């Protein structure tokens, strides 16, 4: 037995010993014999007590060592076997150490390998020196990973760490797969509100007998109910052509994965007059309340109908997705709506003290012609009116000059700055040939003027003029000029257009129909006939479209350098220094779409700030959807868009072609 510090353990022991010795010395002075006996007794007692104390310390130390060893063993066991994977990496994301649980979960990774290859979606270098957590998926499992930076650790394990003093990062992998699956199941079961409408059943069945009409309705109704029944959805008809439905998000995803084949199935129903039945669906989810969700679903249906029908629009968390839209918008034979809208416009104008009209920036003939027609509605009632035009008028420069040279119309066209000075609380703003506030000739007026009216023939997009008093949106019409011409016929019995006004409207129709070759219906010819009777001069219109010799040569040169892609796409780039580049691009795109076996044509041109594209289709590809994905818009067969100044023609071409290819793959499903 080893007795270290046997005699005196601490200072208090030495103090007590000194007192005892002092007392014995005093006693020895009087009686040495008694003092000697006391000394022996005191020494014996001390030896017994000290030995007992040392033995107790030995037993206690043994107990503490045993407990410490147990705790160390338990800690090591916990580190190695708790259901949490632990990995320690260095600054290069090399795996320095991992526990057995982590190695069981990730068998393809061993010490010395880079952990980054296991987490390709997470940049570990950006996490270095920090602490926090992130979620990730490895294989079929989901993990919540807590990471902690260990600054200058003196060895993770003295036996295994060759570089004591280095910095490391420890990552704790908590398997949350079961919780994630439960979360996904809960989300998949959340409700989706849907509004469903047979958007053209009235037009399709107008020429059918009552028996045929009933048979058609029964067939379509049965198909719609069956399709929603297959996905365990609830659907209820609340009007003859309208339904309200509720499905789960899982069912909605099934419809998306199936590319909404229900549209094609309904479209395949044959009618006596061979006009296909089309379906529009508006869906919404993700809102805080059912009331908000229902409102978003109704808005989605309005958007689908405004885009021409035969499609699905999904509104979720402020984002919009569209599917379908492969059919041409069916021209409606009824003119009841035109008459009602004309009367409503008459009422609004009669209450205004000023009417301002504007189209989209970089006006074309349809935009400016429609604006001139609407302005005449106001002036015919004695209400002052002006057309607000943008600074870039290159495309319609000849028409602008013609308007300003016409007696009584010299001051009709004004700038955005001049219009701002005319605004009053009673001013009415008409926006024609566009419904996107950011694309208007004077966006500031949209914010300044509260009384807004929209007249447009483009399919409705995600952005729209806020809170309009009246919207006249007809995607089935050839042009906005056609819509305005119809409104003029019902606006007043005293309407008498002059030659410039009639020719401007006529020019807009001619341009958008490619000289009555595309997107032309009975109402288009009726409108053109009315304008000809009102004095539209074909010679004047021809002069507006006439090109100089240099432009014709440039067009020929552009066509010779056109590029054929995928066998059915043609792309051409207009030289940056070309005159009338926008007009030239439109003409080149129109000419190329007439090439045999070509389904899509692209013409890219410089607009003074960056590059734009004019895109055409023969109907095989919905170019409106193509360009909407890239920030533009238009019609199913005619579309365009502007791109960022830093984007090159090659990059723009690749983007458009990629969208066309994606739509081809979608249509092939």
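Backbone N, Cα and C atoms are what each Cβ position is placed from, and that goes for glycine too.
Listed features, source TrEMBL:
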- 360, 364, 433: Mn(2+) 1 binding site (BINDING)
- 366, 433, 457, 512: Mn(2+) 2 binding site (BINDING)
- 355-509: domain 'DDH' (DOMAIN)
- 582-657: domain 'DHHA1' (DOMAIN)
- 15-48: transmembrane segment (TRANSMEM)
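Features as recorded by TrEMBL, highlighted on the structure.
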residue: 360; record: Mn(2+) 1 binding site; Cβ within 10 Å: 23
residue: 364; record: Mn(2+) 1 binding site; Cβ within 10 Å: 22
residue: 366; record: Mn(2+) 2 binding site; Cβ within 10 Å: 29
residue: 433; record: Mn(2+) 1 binding site; Cβ within 10 Å: 30
residue: 457; record: Mn(2+) 2 binding site; Cβ within 10 Å: 25
residue: 512; record: Mn(2+) 2 binding site; Cβ within 10 Å: 26
Environment of 366, 433, 457, 512, the listed Mn(2+) 2 site - residues of the same chain whose CB lies within 8 A of the CB centroid
364, 367, 370, 456, 458, 477, 478, 479, 480, 481, 482, 508
Pairwise CA distance, residue 512 (Mn(2+) 2 binding site) versus residue 364 (Mn(2+) 1 binding site), rounded so that it is a whole Å:
10
Helix, strand or coil: which one is residue 360 (Mn(2+) 1 binding site) in, per DSSP?
strand
Residues near the Mn(2+) 1 site, 360, 364, 433 excluded, by Cβ within 8 Å of the Cβ center?
359, 362, 363, 366, 367, 368, 432, 434, 480
If you run the three-state DSSP split on residue 512 (Mn(2+) 2 binding site), which class comes out?
helix
Pull the DSSP breakdown for the domain 'DHHA1' (582-657) and write it out as helix, strand, coil residue counts.
27 helix, 21 strand, 28 coil
To the nearest whole angstrom, state the Cα distance for the pair residue 364 (Mn(2+) 1 binding site) and residue 457 (Mn(2+) 2 binding site).
14
C-alpha spacing of residue 360 (Mn(2+) 1 binding site) relative to residue 457 (Mn(2+) 2 binding site), in angstrom
13
Whole-number mean of pLDDT values that fall within the domain 'DDH' (355-509)
91
